[in-house]
Amino acid sequence: MSSSSSSLAAAAARKRALTEQRFSELSPALSPEVVKALKGGGFRRCTPVQAAAIPLLLSHKDVAVDAATGSGKTLAFVVPVVEILRRRPSPPKPHEVLGIIISPTRELSSQIYNVAQPFFATLKGVSSMLLVGGFDIKAELKKLEEEGANILVGTPGKLFDVMERLDTLNYKNLEILILDEADRLLDLGFQKQITSIISKLPKLRRTGLFSATQTEAVKELAKAGLRNPVRVEVKTEVKPTGKDGAQQELGPSKTPLGLRLEYMICEASNKSSQLVDFLVQNNGKKIMVYFATCACVDYWAIVLPLLDSLKGSPIIPYHGKMKQGPREKALASFSALSSGILVCTDVAARGLDIPHVDLIVQYDPPQDPNVFIHRAGRTARYDQEGDAIVFLLPKEDTYVEFLKRRGVPLTERECSTNAVDIVPQIRSAALEDRNVMEKGLTAFVSFVRAYKEHHCSYIFSWKDLEIGRLGMEYGLLQIPSMPEVKHHSLSLEGFTPVKDVDVTKIKYKDKAREKQRQKTLKRKAEELALRPEIEKRRKAPEKPEKPKRKKTGKQRQAVQTKEDMDELANEYRLLKKLKRGVIDEDEYEKLTGFGESDDDDSSDGGDSDLDERKERGNKVLKKIKQKGKAKGSRRFEGRSKQKTRRR
């Protein structure tokens, strides 16, 4: 992937990645113990971000650091934390928390904790604890309650939980708070937890906010959590190498020095074949391949090892839906390899410091364009060189110009003319194993739906997706029935379905799974056969209606009396309104029915009828009052009897 001229450029970049400033020459000076620990880890000279941030934090300043991924941010805050705690006049009490480091993911928190251990070990009488998800919270709370901790490293969710549940830890004398990958913390929705954590800490502290991108949300967080912060912005001047080996002046770049970025444009039906050819060309390297979804990772993690050209290559899946144990094991396994392939999602895009990664492949461009830089930054870290490539469809070519305008220049790489078509091999595997077929369908559907949610929808328009060619890329036997295909005129051009195949008869290679599937199919068939009988039972014959019994004379009289009383009560209410002047006599007549008559001459008797109605209303009033008095007297008598009984 690199020529002799590009190798020379990368070598020059490695030299520029470090400053001439040595850790031993920083001012304020570092302690001999920390300098020794740095030398033990192979760190003698500072990166630009370390040279800028460490002295500021040690000089009682708050800092907001904006630096490219892979620039050495971790040591830029671990060293100040250790030095600040070392300078305290007396050793801390067991439950006195003096330093907190917050990062967005379990993996990043664990990585920071492991990097910091040699430095924490130089502090006498100071204990530390890692607080991340996936572990028994009760056991952690018990340990904290019994032993305490002076430095806490963890994720915001877990730290918030601990602070809410446990009141034995003392934060009043906290010296320093670090927020690492601040933009990612906010993207993941931790704003509420971070605000709550900060509210429980003393204002007279030092705070470091470290981020690869300065978003508006990060700036707002800096205003809320930092006091007069010093802004540290570290950018690198990059001169990427073109096809002819000449260097192009492009000014400041957000990518690490020593990183070569390329892109390849190919049809969807040829994309998976180009990927495999590219992996074969770079056999023996340590490679990370990024996919859009967890389902895509699961699918390609089982398909790639089945291909003839990649048999024997270690291929490890890694995504956010894996359980904590397998995730940690996968990461540890890949980190220990000298060569191999990690197929992953964006959960591995930030913060992870995997050693000696040679090549980054972005098979699916990220939904968020900011993540592009973080993915590429897994290689070319510190003083190393590395390569990264992104695969694009023909209609996505404007993404190249978009990245260039954001300070991420790319050079084109032509499609290989020798790439072997892998679709027949994938389809053959799907016909032999139902697991491959099902995972392919799930991955295909998940990719289409993820594509719909792309932040750059004007470049990655899902309505322009060529579903037919995409189906060939995934080696599908048939295009699945899904709303995106059913209700929209997406192109099925380029797809050749496998004929004369009954997909319901494809079996699992795993005998136990197939046995369970057959049991399920048998049970469903039995349920289907019984359904008509069940439906028949449900539709029981309707019971004949009981003949209605005639009401007795008393019942009829009671109904009539109630109706009369209701009518009289209504008239009385209207009469009261008339007396108060709420309504006039015409309205009263209309509402009581006196204004309605078929004969014009009937109006002559209106006055006498009105007087009669008023008299009836007064009688109703008298009856209602009498009833009220009777009820009141009965209540009084009841209370008197109760008092008599008590006596």
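Keep in mind that glycine also has a Cβ here, set from the backbone N, Cα and C atoms.
Your range for motif 'Q motif', going by Swiss-Prot and the list 23-51, 139-167, 197-225, is 23-51. There are 24 other CB atoms within 10 A of the CB of Ser71 (ATP binding site), with all protein chains counted. The record gives Ala67, Ala68, Thr69, Gly70, Ser71, Gly72, Lys73, Thr74 for ATP. Within 8 Å of the mean position of their Cβ atoms, the other Cβ atoms in that chain belong to Thr47, Val49, Ala76, Ala212, Val234, Pro256, Gly377, Arg381.
Each of the binding-site residues Gly70, Gly72 was scored by other CB atoms within 10 A of its CB, and the lowest score goes to Gly72. Ala67 (ATP binding site) carries a strand DSSP state (E or B).
Every protein chain considered, the tally of other Cβ atoms within 10 Å of the Cβ of Ala67 (ATP binding site) stands at 25. Over all protein chains present, the Cβ of Lys73 (ATP binding site) has 26 other Cβ atoms lying within 10 Å.
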